[in-house]
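Accompanying notes for the structure given below.
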Amino acid sequence: MDRTCEERPAEDGSDEEDPDSMEAPTRIRDTPEDIVLEAPASGLAFHPARDLLAAGDVDGDVFVFSYSCQEGETKELWSSGHHLKACRAVAFSEDGQKLVTVSKDKAIHVLDVEQGRLERRISKAHGAPINSLLLVDENVLATGDDMGGIRLWDQRKEGPLMDMRQHEEYIADMALDPAKKLLLTASGDGCLGVFNIKRRRFELLSEPQSGDLTSVTLMKCGKKVACGSSEGTIYLFNWNGFGATSDRFALRAESIDCMVPVTESLLCTGSTDGVIRAVNILPNRVVGSVGQHTGEPVGELALSHCGRFLASSGHDQRLKFWDMAQLRAVVVDDYRQRKKKGGPLRALSSKTWSTDDFFAGLREEGEDSMAQEEKEETGDDSD
């Protein structure tokens, strides 16, 4: 296992060294150091087994970094500038040997992870800029574009396996069920889409919700589907009940721009206000704040292969790492204790709030809409 994902070793001062040749001890941090890019990242992904992080930026460049809690050991391994416009999404293959990227230039690229060599390019893969990417298995991938188009690709073949256009707006995000049968899509038209990729057919669209659906993920062991929205609301659907929502949970956030599951009940959201919120699903609670990009929107979130680190990208051109240990230890009780109004949002890591951070006055989420939330939760907390 990589050192970063192990417990940090205890310092051993038993070894004697020549004072004249002693070097300053290596500092071990709680999280890797921030990575500073030349442009904001618009795609982010962790390697499935190694301590590597890939990022694609709005200039079309793709980077792969090795990260470590040892100070000075987080480094760029390589970069690629093959895309002509913004790189919108990046994803590692299941075996970790390939990196797939998609771009506003309508192209799909497959890169070798070790050297960054471009192995395959599918030019004009869509008629519109590509916005989202999901790898189904080692050979098959799905892409969604700005006009609502969905395409399924087999890297061993020429041309798409499936080409659908049921949505009226851009495809913001996609998710897959464990059986790799149903592809779920979140769209700017406010609808959740369901596509059977085994039979290569369209199944249904949900009722449109208020605002764009910006993200989608499975929760509660696949029994629930959660969608984030541009209105700052999380919409919940029952599995096999995709036509209409079963519940909704409004955060006090301008929007939910990205979302990543941490456990079967906990997820993290990134918002325009720069705050990364930890949210429990059923019972619906904002648990606290994992971190923030001060005054800058959070565009992407990703969870490391060991689950220890959350990475975030903001318009401040920084990639930040957050320790998930404290969040994973949180226990959310079904009973809601009425908190004092005006209390601060609970910090879930040592570096959540900086001393000069104007977000330090951020108030507890949802207190003035408590009654509405409790009403919405009633009768739906059980699966």
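The backbone N, Cα and C atoms fix where each Cβ goes, glycine too.
The compositional bias 'Basic and acidic residues' feature in Swiss-Prot is assigned to 1-11. Per Swiss-Prot, region 'Disordered' is recorded for 1-33, 362-383. Per Swiss-Prot, compositional bias 'Acidic residues' is recorded for 12-21, 365-383. Among the features that Swiss-Prot reports, repeat 'WD 2' is placed at 82-121. What Swiss-Prot records for 125-163 is repeat 'WD 3'. What Swiss-Prot lists as repeat 'WD 4' is 166-205. Taken from Swiss-Prot, the feature repeat 'WD 5' covers 208-247. The annotation phosphothreonine is assigned in Swiss-Prot to Thr378 on the grounds of similarity to another entry.
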Residues sitting near the repeat 'WD 4' (166-205): Cβ under 8 Å, six or more positions beyond its termini, same chain? 131-134, 136-137, 140, 142, 144-150, 152, 211-218, 222, 225, 227-229, 235, 237, 242-243, 259
In the same chain, which residue numbers or ranges, 6 or more beyond the ends of the repeat 'WD 5' (208-247), come under 8 angstroms Cβ to Cβ? 169, 172-175, 177-178, 184-192, 194, 253-261, 264-265, 267, 269, 271, 279, 281-282, 284, 376-377, 380, 383
PLDDT averaged over every residue in the repeat 'WD 3' (125-163): 97
